[in-house]
Amino acid sequence: MAPFDLIIFGGTGDLALRKLLPALFHRYVDGQIVAGTRIFGLARDSQTDEAYRERVREALQKHLAFDMRAPSMLEPFLQLLSYRRIDLQAEDGWGELAAELADESRVRVFYLAVGPDLFGSVGAKLQAHGLTGANTRVVVEKPIGHDRASAAAINDALGQVFAESQIYRIDHYLGKETVQNLTALRFGNALFEPLWRAEHIDHVQITVAETVGLERRASYYDKSGALRDMVQNHMLQLLCLVAMEPPSSLAADAIRDEKLKVLHSLKPIADGATSHLTVRGQYRAGAVEGRPVPGYLEELGTNTSRTETFVALKAEVSNWRWAGVPFYLRTGKRLADRMSEIVLTFRKVPHSIFGDEPVAQNQLVIRLQPDEGVKLWIVNKIPGPGGLRLRRVPMDLSFAETFGGRQPEAYERLLMDVVRGNPMLFMRRDEVEAAWSWIDPILAAWQSSNESPKAYTAGSWGPSAAVALIERDGRTWHEDAV
Ligand code: NAP
């Protein structure tokens, strides 16, 4: 890739140090980032380039695998880095930055690893200093708003400065290998697509389970909650990739047009329906991975918050392909295990020839983390004499075992796609706003209800109401057991 300039606003923050710079380092080691590339970290602190490199060196030592930490690997990468002091809300320093970035022929990426309240003022400053030319791209992170109106305001502010084709709204779930593989699995195999519809699929489950609590995000999280933080973006994007029609090509807009149609097809969960189609929970003290942990309110240091740390809901995609197929979504903090997966359960065989022997339904399990991979559960005869006994067994494709080597982090792929100018894995403005349009009525109904989130014990799988949500329909949440 030709040398480029990457300017990270928030270059000393958690996102930059824990995710972006390690990802860039890997791309450098693989030879994709070449000498002459410049990476600028920006924040309000005063510090020298050398002090910044030292800070990044420490972060890389902490976040990279042991065999990647040799100075011979780290040092040349660190030489690509510089630090510039800029307060995004003040006037100083912009002229100097503009002078350094004057070469319009180089690709120039501004990564806004700062809160969304600063997006508008950064855009205005970049425009005022002539830094928005055709080779400029801007990357923004979630949260893009806290409802549809605020998302539209952020999009308007960015849209006044940049063309839509210059704006890369990142959802790192879309950069995960398994998520990209969903497209290959569906559209590269003649086997699945004919079955990928209501006639053959009984229901779909999407789970994103975390074991962590608030970490350092308390003030942000308490204003957000699980529905905004996880469902509006990551989980609805996953749902779109599962449910969309085959796009005509891999062109970014062909895929995004199809995802948008899914979002528009989501049946609204109106006021009266929230109580039976959604469950929100909040964790109480318990034990996670054998360690006692405090409850959400204790972590927060208050006893008044009604913010949900868990959501389960039943969604419906109202179109010909999916009519009557429920999509069950659940996500939460302080759950029993850290894992994300999509499970498609196929319908029962229409007639069993096996007498009393139960015949399990086929399931396709797409695991996003940990151990990215795909499992297809099929029914087999248990070998040996003594009558015909059946058991379901997985056809297992673990990416790590099959493809070997290191699985790249989502940010590696996504950052390089920005430099390459490929927006396929990024969200278009209308997608973000359509997702909020579906979420807003749920939030409003929760707000106006007197009910508090249901309590669940840290280390469990959420409140019992979440189990009831799916069991009412004669189904159960997937457990990865034979
Ligand atoms: P953080 O650790 O608080 O870092 C914020 C960064 O922004 C720091 O470098 C800070 O440096 C800088 N900054 C703040 N105000 C500034 C100003 N007025 N002018 C210039 N620099 C300023 O936050 P983070 O976790 O990196 O997250 C950044 C954004 O990404 C947030 O919106 C977050 O929601 C989003 N995000 C983060 C993650 C993650 O994994 N961390 C994941 C997804 C999305 P100074 O204070 O020294 O200026």
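Cβ atoms here come from the backbone N, Cα and C positions, even for glycine.
Note: TrEMBL annotation is automatic and uncurated.
Marked as active site, proton acceptor by TrEMBL: His234. In this structure, His234 (active site, proton acceptor) is part of a helix by DSSP.
Marked as NADP(+) binding site by TrEMBL: Arg44, Asp87, Leu88, Lys142. When secondary structure is read from DSSP and collapsed to three states, Arg44 (NADP(+) binding site) falls in the coil class. Within 10 Å of the C-beta of Arg44 (NADP(+) binding site) there are 11 other C-beta atoms, taking all protein chains into account.
According to DSSP, Lys333 (substrate binding site) is assigned to coil rather than to any helix or strand. Positions annotated as substrate binding site by TrEMBL: His172, Lys176, Glu210, Asp229, Lys333.
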Between the Cα atoms of Asp229 (substrate binding site) and Asp87 (NADP(+) binding site), find the distance and write it as a whole number of Å.
27
Diameter of the NADP(+) binding set by C-alpha atoms, the set being Arg44, Asp87, Leu88, Lys142, in angstrom:
22
From Arg44, Asp87, His172, Lys176, Lys333, the binding-site residues whose CA lies within 10 Å of that of His234 (active site, proton acceptor):
His172
On the three-state reduction of DSSP, what should I expect for Asp229 (substrate binding site)?
helix
In three-state terms from DSSP, label His172 (substrate binding site) for me.
helix
Identify, in sequence order, the residues in the chain of Glu210 (substrate binding site) that are 6 or more apart from it along the sequence and have a CB within less than 8 Å of its CB; answer 'none' if there are none.
Thr331, Gly332, Lys333, Arg334, Leu335, Arg338
Secondary structure of Asp87 (NADP(+) binding site) (DSSP, helix/strand/coil):
coil
Relative to ligand 1, which of the binding-site residues Lys142, Lys176, Asp229, Lys333 have a Cβ found under 6 Å from one of its atoms?
Lys142
